[in-house]
Amino acid sequence: MKRMIALDGAQGEGGGQILRSALSLPMITGQPFTITGIRAGRAKPGLLRQHLTAVKAAAEICRATVEGAELGSQRLVFRPGTVRGGDYRFAIGSAGSCTLVLQTVLPALWFADGPSRVEVSGGTDNPSAPPADFIRRVLEPLLARIGVHQQTTLLRHGFYPAGGGVVATEVSPVASFNSLQLGERGNIVQMRGEVLLAGVPRHVAEREIATLAGSFSLHEQNIHNLPRDQGPGNTVSLEVESENITERFFVVGEKRVSAEVVAAQLVKEVKRYLASPAAVGEYLADQLVLPMALAGAGEFTVAHPSCHLQTNIAVVERFLPVRFSLIETDGVTRVSIE
């Protein structure tokens, strides 16, 4: 019988990242775990609908036995079984992030007995989680280099707080993992600005695009009007395609916040990324830790190692026989497998 791993949910930033990482890993390794103090660092601690959906999805996919899977629970015991490929559907029941649920369970399906499809309904454009286009256009091309073949499709948008969106991913078992090397970003090839609108006047998007164009030379400027029943909502994105990597940044519009202020927040974030020669942005760095650990080799550079990144590394090192090295030189941190 494998040893139970005990985790402290207050570790790092005390949010949901440690729980998501902890759920992904035992599905792969077969090691049970217990976690206490779930989301202890948040104003409303314990499991929210999004986290509970991730727990139930993980349990269904690997036939786990679970204790503490209920709203508000701050303690969870998870004993995994065998991962099974198949066609899965999960509903969050709120505007909680579809992509965060997908990112919890998809790594386990890289080791399944056959191809799978996972569909999640909930929020797709959430200020605290990556939109599906980030997964599709940024993360999945990098996963393909590592040897992971999955394809995410956005079936319907669902903005916060209403939700109602649907995202699906098709994934195949991995034959072998490759080392990812992302030491340098390379020269910029092009930049693309994009605005999504649902039940919001078009002039909002035009002002947002104008703000982006005032700071960057945009090769593309796209405005997409979605059906009103998918809103109200507004997301502004800017994609930076470089020689070695494509990064994508976004800001979700808010009520009583002007179009110019929303777009200016995005401009600030992109300028911060471009000010450093690091290849990887802060959020993408979090997502590369687990696949790189499974490959057993690789490296990337990031300007600022976030608390999320360091929490993710700490959890991965509890479950897998790997050690990460973080070396800072001239304002850039090189993250690699020792």
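Just so you know, glycine gets a Cβ as well, placed from its N, Cα and C.
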Identity of the ATP-site residue among Q74, Q103, Q150, Q151 (reference: Y283, L284, A285, D286, Q287, source: Swiss-Prot): Q103
Residues close to ATP site centre defined by Q103, Y283, L284, A285, D286, Q287, Cβ within 8 Å: P130, L139, E282, L288, V289, H308, L309
H308 (active site, tele-AMP-histidine intermediate): nearby binding-site residues from Q103, Y283, A285, Cα cut-off 10 Å: Y283, A285
Largest separation between Cα atoms (Å) of residues that the record links to ATP, namely Q103, Y283, L284, A285, D286, Q287: 14
